[in-house]
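Peer 1: Here's the feature list from TrEMBL:
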type	residues	note
DOMAIN	41-298	domain 'G-protein coupled receptors family 1 profile'
TRANSMEM	25-50	transmembrane segment
TRANSMEM	62-80	transmembrane segment
TRANSMEM	100-124	transmembrane segment
TRANSMEM	145-163	transmembrane segment
TRANSMEM	183-205	transmembrane segment
TRANSMEM	246-272	transmembrane segment
TRANSMEM	278-300	transmembrane segment
Amino acid sequence: MPNASSWSASSPLLLLWEDSPGTRILLSLLYAALAISGTLSNVMVIYLVFSFKKLQTTSNAFIVNGCAADLSVCALWMPQEAVLGLLPPNSSSLRSAEYRLLRGGLLGLGLTVSLASHLLVAFNRYVLITKLPSVYQALYQRRRTAAMIGLSWLLALLLLPLLPGLWAPARQPPAGDAGPRYTALLLALAVLGHTALLLHCYLGIVRRVRGSAKRVSVLNFHLLHQLPFPAAPPPPRRAQRRLSSVSVLLLCCVFLLGTQPLAWLSLLAFFLPPAPPALHAASWLLLCALSALNPLLYTWRSEEFRRAARSVLP
């Protein structure tokens with residue numbers, strides 16, 4: 001039977017049993033805080049979109065899809081991490097292969113659909129801002145929007161068997177066993193490619209906002225819906241264009257901070273010795289924290305969301 005150290009390195013548990021009890025308790029409290037805040041924020045966004053007709057737009061449909069995926073991480077996976085971090089390493093429940101598979105599946109499924117939803121939102125906004133209204137209307141019909149959301153979950157289910165390769169670089173694989181390293185390499189390249197597409201969409205929006213006057217209000221571009229468009233409003237002022245660009249760039253920076261450390265550690269682990277387990281766990285924690293921040297990233301600039309929240313909250 002493997003010892004606790006070797007077992008924990010190969011499991012999806014991000015807490016390190018080699019750490020002191022104080023460190024594991026601190027991490028458990030951090031997971032608990034992220035679980036509570038992430039669950040409340042994701043549930044609130046889903047509730048507001050389903051309760052207010054003005055919020056039922058194509059872009060918000062993709063945001064709700066991401067919130068549903070983030071709930072798999074915040075409401076189902078993180079509470080287990082918070083509790084398991086307080087248990088002794090030799091607990092029989094921790095060594096159950098079926099239970100580890102369930103936890104890994106919840107984490108992998110939620111993160112994959114969440115990342116896919118980021119890209120769907122970015123592409124939706126890119127088409128809305130940079131293409132003709134007729135193109136947007138033809139592409140984002142109700143059935144096609146539903147198909148895009150369904151494909152994000154189907155893709156996650158197909159990739160689910162490969163996802164454990166993401167945390168395999170935390171340990172040195174046995175001699176002759178290069179499978180986890182190649183899996184981690186492929187998944188790291190997939191995350192980097194996903195990031196490149198997302199940045200292309202948002203930077204294209206910024207260039208369009210700064211370089212030409214749009215016939216729509218770019219300041220609130222994530223609220224636009226009800227195509228075909230009504231009469232064009234006046235072009236946004238310079239201060240509005242600057243504020244919109246800052247909002248987009250801030251979203252990109254937070255996304256990069258959450259995703260790139262793990263992607264680059266997984267990529268470098270293919271060519272170099274594995275990174276320290278603490279560094280690898282920290283990169284995982286940043287990625288998981290993104291699930292709690294996503295609702296705020298997409299709604300904090302929306303006056304419609306703020307107005308709807310004020311009407312619900314005391």
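Even glycines carry a Cβ here, placed using N, Cα and C.
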Peer 1: So what's the mean pLDDT when you look at the domain 'G-protein coupled receptors family 1 profile' (41-298)?
Peer 2: 78
Peer 1: Please give the sequence-distant neighbours of the transmembrane segment (100-124): residues at least 6 beyond its ends with Cβ less than 8 Å from one of its Cβ atoms.
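Peer 2: Those are 11-13, 58-59, 62-63, 65-66, 68-73, 76-77, 80, 94, 140, 148-149, 152-153, 155-157, 159-160, 163-164, 166, 191, 194, 197-198, 201-202, 222, 255, 259, 287-288, 290-291, 294, 298, in sequence order.
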Peer 1: Taking the transmembrane segment (246-272) as the reference, which of 25-50, 62-80, 278-300 gives the largest number of Cβ pairs under 8 angstroms?
Peer 2: 278-300
Peer 1: What residues in the same chain, six or more past the boundaries of the transmembrane segment (25-50), come closer than 8 Å to it by Cβ-Cβ distance?
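Peer 2: Result: 14-15, 19, 56, 60-61, 63-64, 67-68, 70-71, 73-75, 78-79, 81-83, 85-86, 285, 288-289, 291-296, 298-299, 305, 308-309, 312.
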